[in-house]
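The domain 'C2H2-type' annotation in TrEMBL covers 34-61, 90-117, 146-173, 174-201, 230-257, 258-285, 370-397, 398-425, 426-453, 454-481, 482-509, 510-535 (among others).
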Amino acid sequence: MKEKTYSCDVCHKNFTQKGSLNIHYRIHTGVKPFSCVVCHKSFSQKANLDVHFRTHTGAKPFSCNVCLKRFSRKCLLDQHYRIHTNEKPYSCDVCHKSFSQKNTLNAHQRTHTIEKPFTCNVCQKSFSHRSVLIAHHRTHTFEKPFSCKVCHKSFSQRSTLKAHHRTHTIEKPFSCDVCHKDFSHRSALNVHHRIHTFEKPYSCYICHRNFTQRSTLNVHYRTHTNEKPFSCEVCGKGFSQKTNLNTHLRTHTEEKPYSCDECGRRFSQRSNLNTHYRIHANEKPYSCSVCGKGFSQKTNLNTHLRTHTEEKPYSCDECGRRFSQRSNLNTHYRIHTNEKPYSCSVCDRSFSQKTCLNTHFLTHTNEKSFSCHMCGKAFSRKSNLNDHSWTHTIEKPYSCDVCGKGFSQKTNLNTHLRTHTKEKPYSCEVCGKGFSQKGNLTSHYVIHTDEKLFSCDVCGKIYSQKSNLNVHYRMHTKEKPYSCIICNKHFSQKIILNKHLLTHTNEKPFLCDVCHKHFAHKSNLTRHLKTHTNK
């Protein structure tokens, strides 16, 4: 006797049972008569509701007889068995790679076709996996259905919850059979294993570069598409990676979650903390192949190498000036735009560079964290300490090619050379007067603005520069912080100490252009020149 069949009027699919046809009809009608009493989600079949209900109860009635691991669904147990049997019945037609699950094969095949059949109905973004679409949809609904039983923290994905659970147990059940390193996730072990096999299964179809992880490939694709899906809610700046956005956000919040165990200094990025640790360990793993100098950071080595090649690859579009570092070019641009993005929280004064703001801030805190190991004097800036150190050594490694005068600093030599070339690169915008040093131009500006910001607390005298006020204070305090290392005589100003040192060295660096007589002090040369003009 021929078995009776029941046919669907819509798609003509045949069924042997009337009940199966009725259940099938719900696909076309959208009827879902079975509803969850906990979350009210609806299902077309009672069996599907029963499986769903286990997500609330945590029931796992199906147990593996090999490792005793439990599962909420029979199909999951069947898939799990293949781990023990190493059975991989599903093979890719393109590359012949085998898989233990059909859905894993389907997902893999999309790496060849770049097919993304699952589209988000909110933002229209497409995905190659339905599970990824479901997880993505929660970014719009802010739904976090998976909750930790220990700390009650909620997560949008079950896999993230499982990973989080291991932070409480410190469980690392997956071990590498090559180096025996342990991992808390199987996926992490799989990725790690590629270090040993040199396998890079994910290939960019544009430039054909290969990667060990799909996530790395996805991030790489954005270098071709210039896609920046992660946007800062504060300033609107876009980023290609979520981690870069998180790091950027700390520039607004000034959050520094990473702390040094040695000195307590805090950092906004772990990589910066790791680099900082090398200061304490005196570790310099990057060495210059030309001169052998060591560096704690690869970027510092690359910058240093340009001192040998004199390479300046970064050029200003406005004035054509070239720079060896992009950061210096970015800072230079602010001269043209007059941009000063760094503002002092105490006095609201703005600066074009973060380092200038940090230095300025020390005028409010009076912090002097750099101390001389010879005399104990403290300074607010490392550069000032370096300048001071030369007073102990009297070492002058930089020599003038014209007159032979030696200098302890390269910047001082460059400034001195202008006395020979008569070069005055710094010009006043008001009156056009030129200056050989930027500091002299800044001091000159006050003549036009009549601005005097710094006041003496003792006598009320006002100064346009903080340095002049500091020198003036010493009249009241009788402080003489600069001492001669030869005779131990003390002075209130560094310039007076430098003049005094000439009495020991018998150096006479000031030359008369008329009769070629030498003088130890510029004032003596000036006085002498009048003897020529009065003749």
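Cβ from N, Cα, C; glycine included.
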Go ahead and report the DSSP secondary structure tallies for the domain 'C2H2-type' (174-201): helix first, then strand, then coil.
12 helix, 4 strand, 12 coil
Reported mean pLDDT - the domain 'C2H2-type' (426-453)
71
May I ask for the residues of the chain that lie six or more residues beyond the domain 'C2H2-type' (230-257) and have a Cβ under 8 Å from a Cβ within it?
219, 222-223, 266-269
